[in-house]
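*Asks:* What follows is a structure written as structure tokens; I'll ask about it next.
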Amino acid sequence: MIKNYIKIGFRNLIRNRQYALLNIVGLSFGLAVVLVIALWTWNAFQFNKEFKNYNTIGQVMVTGTYSGEKQTDPICSPPFASTLRTKYGNYFQYVALATHPLSNILANKQTKIEETGVFAESDYTNIFQPKILKGNAEIGQKDILIAASLAKSLFGNEDPIGKPVILNGKDILSVSGVFEDFSSETSFYKSIQYIAPMDIFYSYLPYDKERILQMWNLNYFSLYVQTNPTNTFGQISAKIKDIAAPYETDIKPEVLLHPMSRWHLHNEFKNGKNTGGLIYTVRLFIAIGIGVLLLVITNFVNLATAQNAGRSVEVGVRKAIGAGRSNLIYQFLVESFLFVFISGVLAVILAFVGLPIFRKLTASNLELNFSFIVFVGYYLFVLFLVGILSGLYPAFYLSSFQPVKVLKSQLSFGGKNYLRKSLIVCQFFIATVLIFMTMLVWRQINYVKNRPLGYDTNRLVYFNTKDTSLVKHFSAYRTALLKSGSVENVAISSAPVYQLRKSEGGFNWDSERDNSNAIFGTTDVSPDFANTVGWQFVKGRNFNLNHPSDSSAIILNVAAANYIGKEAQIGHRIRFQDVNYTIIGIVNNPMMNSPFGKIEPGLFFLDKGIGQYITMRLKSDQPAASLLQDVTKIAKSYSSDAPNLLFVDTSYQQAFIEIERNAKFISVFSILAIFIAVLGLFGLSSYAIEQKRKEIGIRKVLGASIFGLWNQFVKEFLLLIILSFIVSIPISIILMPNWLAPFDYRTTISPIMFIIGIGVAISIALLTIGSKILSAVKANPVNNLRSE
């Protein structure tokens, strides 16, 4: 029986090629979108699961109260680690302190490479268990573990075990092991190319090791743990919550464990609470996937109903010769599954073809790998679900025809058709919400990009020098650059132009209120920095080496001055690390850190040799490429390393990569949503016109104009689209503030977005149905009447 159903289905598919093609195209594109989104979402939830101890690994987070606000960071000091081991050791299998990933120079006799990695305690490798390809995972005091790609770069095809690696030109370490590079599905992808002993990093600090191990405020480190499975992360967090409170009373620290299972998707904290992160993007993609799935289902129902409307006689005949309603329902369901199966196969092909575009949109290494049995099972279940949901209404509707009425031509296809009309409203509701949200995302991006920077990025270039000899000879290097005529000005700082170096506490000034927990972003700059980047002073002056007292001077940004209040006056003093710094200037807020956030209160100190970012403004009268060559050539006179020169505006744009990626993603699927909605509208208009050809013919015979007929039929569909706007606009107004909420600097919701969105949707709809209706009303009425 099923075989016969399939044969009949194929015959009807071939007989109704136009509708079949529209149906298959809509289903294929929709299912391809759902498939790729599902695959990306699946991978997002599998992130970091390749670590053997995934369920028991955690990172220590510290929430402190700074300037009246709670801030949570993955930063700890050495006493955190020793306290967890000695007082709470029964909760942990391993505790390991490590630096954040740091960029350093590794070299042997032939090669010198700058790579990122960590300095870590010995239990670091016990926690994460990198896959060792050669040697072992032990980190001795003079050992180093390197990734396979780094080993290839340094030693080629030679066996690196036991061979020396020179770190930062002074520390000679022996390669004890080579580990497999962490994959792109882990938090350590490309960021950990080496693991060096912690004692090496301690030697870089201006304190002896014994003091370092007692410094609760030396928050330069990350702290990782592997818990005993008998306790939950919540239980342990409650136990260790106050371990630092007696030692850092000014910030009132609270300690918690952040499980590895939440690192990737839930990496944002607000007011001490784990509020979200990438999970927002995942939910957005899931919502788009569900929306597209609903679109293809409603599209299928509309097109299937229109396609099978002419099969009423077939239904009547089959019922008259004894076919039961259940047989007809099975027939139409089998045909539905036939369409879904063909579309499902084509969707896989489309997904393969579209994956490179999706990888570019999401910056992922996504692969369509059907070796995941569970994922294949989910995909087949979705196909089954689409087949059932898409086929039920046409099957029950068409099988309900009464044979007597059908065969006597008394069956009417008119009526209200509420379901089919509501499906069109649903389709355009989803499509228009996506259009409105797409416009909002691009509006937010453009709004932030036009935010005043507080400095001039035109031809502003910088590089990070790791070579201490260039830092020591910066004055000579600067003089050589200025004499060359390649640059207008040169400066050095401890952070790039668009960043503050770090956030620090421990500031005090004469004030009526308590300022013990105040925190400011700090950066050290040379006297020429302000002129080089184009800072604008609202009060006071810049650093000047002719003023010896400027060694203990400080410059504030407006945000810091506003926080300090009336005491932020030129000549007033701020005490920091036992030194009284005199305020000599206040600059208009230069944009630093996230362009989407509030301006962080910032303090700028005179650089005393710790700067490593050299910034310069190229001359405007010569080609930038030749000037960069001159800058590089002069740098090589003072350093063996060629500088990696970067334009400030290009680096600043990196902050927009993720949101622009999401905007492009939503834009693509908004276009697809409109495309699928248009197919559904085309199907319904085709169905309606087929049912009203006799009416059109009679009206034309009675003298109706082409425009009058066109207007009458278009009006019905426009009312449906307008109804979708009435629903989609308030829903969008509710969703938009939720999407904008994470941004401190955000645009407004403008009526112009809705006007443009409505205009676009109506224009597309008119082009779709208008041409179809126009061809029907221009047809010869004799042919329309004869066909009836």
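We count from 1, first residue shown onward.
Note that Cβ sites are derived from N, Cα and C of the backbone, with glycine treated the same way.
Feature table excerpt (TrEMBL):
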TRANSMEM  20-42  transmembrane segment
DOMAIN    21-242  domain 'MacB-like periplasmic core'
TRANSMEM  278-301  transmembrane segment
DOMAIN    287-403  domain 'ABC3 transporter permease C-terminal'
TRANSMEM  328-358  transmembrane segment
TRANSMEM  370-397  transmembrane segment
TRANSMEM  418-442  transmembrane segment
DOMAIN    486-632  domain 'MacB-like periplasmic core'
TRANSMEM  665-689  transmembrane segment
DOMAIN    668-781  domain 'ABC3 transporter permease C-terminal'
TRANSMEM  717-736  transmembrane segment
TRANSMEM  748-769  transmembrane segment
*Asks:* What are the DSSP helix/strand/coil residue counts across the domain 'ABC3 transporter permease C-terminal' (668-781)?
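*Replies:* Once the DSSP states are binned, the domain 'ABC3 transporter permease C-terminal' (668-781) shows 96 helix, 0 strand, 18 coil.
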*Asks:* Based on DSSP, tally up the residues of the domain 'MacB-like periplasmic core' (486-632) by helix, strand and coil.
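*Replies:* Summed over the domain 'MacB-like periplasmic core' (486-632), the classes give 29 helix, 51 strand, 67 coil.
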*Asks:* Could you pull the average pLDDT for the domain 'ABC3 transporter permease C-terminal' (287-403)?
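*Replies:* So the average pLDDT across the domain 'ABC3 transporter permease C-terminal' (287-403) works out to 74.
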